[in-house]
Amino acid sequence: MLRRTLMTTAAAAGIALSLGGGAMAAGPMDNVKACFVYVGPIGDGGWTYQHHQGALDVKEAFGDKVEIQWQESVPEGADAERVLTQMALGGCNIIFTTSFGYMDATNAVAAKFPNVMFEHATGFKRDSANVSTYNARFYEGRAIEGLIAGRMTKSNKIGYIGSFPIPEVVMGINSYFHHARQVNPDVELTVVWAYTWFDPAKEADAAKAMIEQGVDVIASHTDSTAPLAEAAKSNGAVIGFGQASDMAEYKPSPRVTSIIDNWGPYYVKRVGALLEGTYEQVDAWEGIAGGEVLIGEITDAVPADVKAEAEAMRDAIAAGTYHPFTGPINKQDGSPWLAEGETAPDGDLLGMGFYIEGITGDIPQ
Amino acid sequence: MLRLEKRPNPSRFWLYATPILAVFLTMVAGGLLFAMLGKNPIAVIKTIFWDPLFGEFAFYLRGQLLVKAGPLILIAIGLSLGFRAGIWNIGAEGQYIMGAICGAGVGLAFYPTESRLIFPAMILAGALGGCAWAMIPAILKTRFNTNEILVSLMLVYVADTILAKASTGFLRNPEGAGFPGSRSFSVSSFPAASNPELIAGTGLHWGGVFALAMGVAAYILLQRHILGFQIKLAGQAPRAARFHGVKPERLILLCMGLSGALAGLAGMFEVTGPAGKISIDFNVGYGFTAIIVAFLGRLNPLGIVLAGFIMALTYVGGEMAATNLGLPSAAIQVFQGMLLFFLLGVDVLTNFRIRAAIPGVS
């Protein structure tokens, strides 16, 4: 066993040495090759599409100084490790891995290529100094969706299509429900787990099932437009939200607003820092204030007073005067989580494995 | 006009020439596709077929070929036995997932015990898991005459859901802060259950060893063993097989069970080796690609070993082409699909002769 370990380590060292030469010193660089690994096709219209827009922003910001390369539809797992190694061998200076599932592959490859910078989206592992992580505070956007949902629902039944029961999604569900309840004490939430990030057929089924149960506002944590397409069949009775990208083709209804992932500013900042020689390892988690989360246009399908209320909340979050998780908030079982006026610490959010009071049903275990 | 004339016996020459012709035609048609996408077709083909073997980074990529080919070969060999007997197991992907879950589950049950017995027990569990999953369509077929193609395929989606459940629920890493995925099987975190590279830089892990060994074993089975004879007979002449005393039910259970076990093994080696843990997106379609590999290899075990490497080449080289030349990933998938298309297309030459038809003479 020990022998096997030693030999693998030797192989790793071999690759690191063969690279050698240290293209990446601490100082400024004339040119940077920035590479992006995508989990879906660029044409998904959601998650990957938005990351690619960020990549194009980098190209536009720095022109000839930056070369961008990308690869679509890279499976999370063993294949990711190979793609990352190929990119690092191929001379990429900074590699953005844009899905949670690339976490182990990113850290494994980063350990072998200390001179290449790695940026992992939505992860939490930074095993070596050249791995940074970044994420966006999507729960801030969920707060605004929740407020609109609470005000707009006629049946008092709102729904949420969950992708996977992970903290990121549970956080969104809690924020959505909390803000709906605040403006409408009678509101009830239905959660359907799709167990996918992108599967139009499954997402449509989930939306259909909820609509049949009388749900008339649907938020989704999956990436396709299928839930909006289902809602569109209701002749205006059911509304929803754009997810990851604006999904403007469903304006003004059923899409009444949207959460837009805007990675451009972060990508430009990081590649810029590399060019200037000011690059440092970070754990970035920006939201509406930092411009990473954009709230799409609130359409006229929403009454003017609700729209004004939603925009006021957006501005308060941007100004830092309002935190979507401000106490008093109890956990589902009634035990206290946040006291009056207390705001949620980031650690609680990043490991969130519980529903807040008022949500029925359990998080699948 | 051209006319097809049935050969009295399948041509031995074309039996072996068609895969080569199919690869060649794929290169031509793929080249056209790449040219239409505005890329230099020669450069793309070279990146896919040449660079992983002899290019600048071949020292790394050659090993990756084996990593990729191993599971394909292992699954394809199992499938080919059934295919030869006319038993169509299309659900190897599901059996692969179940093998991984069962193998990983047994290993994780012993965490963090260190014992030499754990890994063999996991291998056994992986094979049994895949086998059991394949037994569902097999028993349904023998008992109720259901269609094994449909049932085995549908069970892939069931396995997918169980995988999601495993990675977010019953196999989730209790120290993973609520994130999906099991504990890691890397050498550093759980050595007894790990399946690392055996010889540095070669990409060879136990899965590769099993794949190559199974290739040889299947070859001997088909050439020298009565069971191999029965499999071939059942595929070529089902009625004659019955007269010969072949029990179709037994053959179905055997072929499905064997292919399921091999697919399960592939999943188990993958999860403990290259993949490193159970995760939601653990499976990447090896079970389906292995169908292409089985046919590309002429359902012959040694051919399958070769075909597995060619398929791995299109993956590894295709990735390079996608990254370095900016090719959309869908173009690479089309390219791989063409391979099966042309193979099945030119297969007609094995059984038929092309003749110029003279008008008036039939």
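From the backbone N, Cα and C atoms, a Cβ is placed for every residue, glycine too.
Annotated transmembrane segment per TrEMBL: B:12-37, B:57-83, B:95-111, B:117-140, B:149-171, B:204-222, B:251-269, B:275-295, B:302-318, B:330-349, in sequence order.
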Self-check item: Range from B:204-222, B:275-295, B:330-349 with most C-beta pairs under 8 A to the transmembrane segment (B:12-37)
Solution: B:330-349
Self-check item: Contact ranking winner - B:57-83, B:117-140, B:204-222, B:275-295, B:330-349 against the transmembrane segment (B:95-111), Cβ under 8 Å
Solution: B:117-140
Quiz item: Taking the transmembrane segment (B:251-269) as the reference, which of B:57-83, B:117-140, B:204-222, B:275-295 gives the largest number of Cβ pairs under 8 angstroms?
Solution: B:117-140
Quiz item: Sequence gap of 6 or more, Cβ distance under 8 Å, 3 or more pairs: do the transmembrane segment (B:275-295) and the transmembrane segment (B:57-83) meet that?
Solution: yes
Quiz item: Can we call the transmembrane segment (B:57-83) and the transmembrane segment (B:330-349) in contact, meaning three or more C-beta pairs below 8 angstroms at a sequence separation of 6+?
Solution: no
